[in-house]
Structure formats: structure tokens, C-alpha cells
Amino acid sequence: MPQLATICYIDNGKELLMLHRNKKPNDVHEGKWIGVGGKLERGETPQECAVREILEETGLKAKPVLKGVITFPEFTPDLDWYTYVFKVTEFEGDLIDCNEGMLEWVPYDEVLSKPTWEGDHTFVEWLLEDKPFFSAKFVYDGDKLLDTQVDFYE
């Protein structure tokens, strides 16, 4: 059974808004710096999920743009994750405290030095380089990235 989710990177032109996941117990992302996002709710489109999750986790009203889709086979036991990757450059509002971790604007040149999933380095670079729409698969064994496949669409 697949799990559908979104991950959103909010870009202010010189920094990405990152979430340091350090507040939720038993969090598969504990200690990592990631974008904001979450699981799709029943009947929700990926776009609706991205807008909702951004508002819930950051307090920002945003216009997310879908940049790609990543499959994570068996990312959690017996569950494949299909994650819609969004980039946001249009947003308004003030940041709120997030119950999942600490939000921080991270300069582009520091983003890849933060502790994160190994594969995140790859697709965050694609977002920063404004690569075309992508479909990718990242295969992990625990924290170790075993394989990456990607197709870009012009």
C-alpha cells in the first residue's frame, strides 16, 4: 500500500525555509533538516495538501509549484512513499512555531551542509538549479541511500 505525501521548499530568493525535525517522538526524520509537508488526506490533491501543510507548519499562505515526484520504496516498513516535491517562491504571512521542529531560513550555500537525508542533497540541488520536472526513485536501507534513478521532462 502506498503512502502519498508532499515535501515543500519555500524559497525567498537567497534562502530556503528548512524544518529541523526535533520535536516529534518516534519521528523517522528525527534530527534531520527537511522541507515542510506531510501526508495527503483523503480526497485531497497534492496541491491542496501542500497548501494546507505549509499553512499548518509555517503560518504562510503559499502558491506551491509542483517540480517533481519521488518514489521511496519501503521507506518505512512495508510501505512505499510517493512524494510530490514542490517549490514555493510566492508566499505571504509571518512564520509561526511549528510543532514538528524548528523552522529556519537557511542560506543556499549552507543548505547542503545540514544533516538531512542523503538523497535530499540531490533533489534540493535540482530545485535550486531550476531543473525541469522530474520523476525519481530513491532506494534507502535505513539512512543509507542505495540507488537513485531520475528522468527529467522538458
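Residue numbers in this text run from 1 along the chain shown.
Note that Cβ sites are derived from N, Cα and C of the backbone, with glycine treated the same way.
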Inquiry  = Just to be sure I read the record right: E53, E56, E57 are listed as binding Mg(2+) in Swiss-Prot. Which of G38, G43, G68 is listed for the same site?
reply    = G38
Message = So, three-state DSSP: helix, strand or coil for G38 (Mg(2+) binding site)?
response = strand
Task = Starting from the Cβ of G38 (Mg(2+) binding site), draw a 10 Å sphere and report how many other Cβ atoms land inside it.
result = 17
Note = For the motif 'Nudix box' (38-59), the distant same-chain contacts (Cβ-Cβ under 8 Å, at least six residues beyond its ends) come to 3-6, 8, 10, 17, 19, 66, 84, 86, 88, 91, 93-96, 98, 100, 103
Message = I'd like the number of other C-beta atoms within 10 A of the C-beta of E53 (Mg(2+) binding site), please.
response = 25
Message = I need the most crowded of these binding-site residues: E56, E57. Count other C-beta atoms within 10 angstroms of each C-beta and give me the top one.
response = E57
Request  = Using DSSP, tally how many residues of the domain 'Nudix hydrolase' (1-129) sit in helix, strand and coil.
outcome  = 28 helix, 57 strand, 44 coil
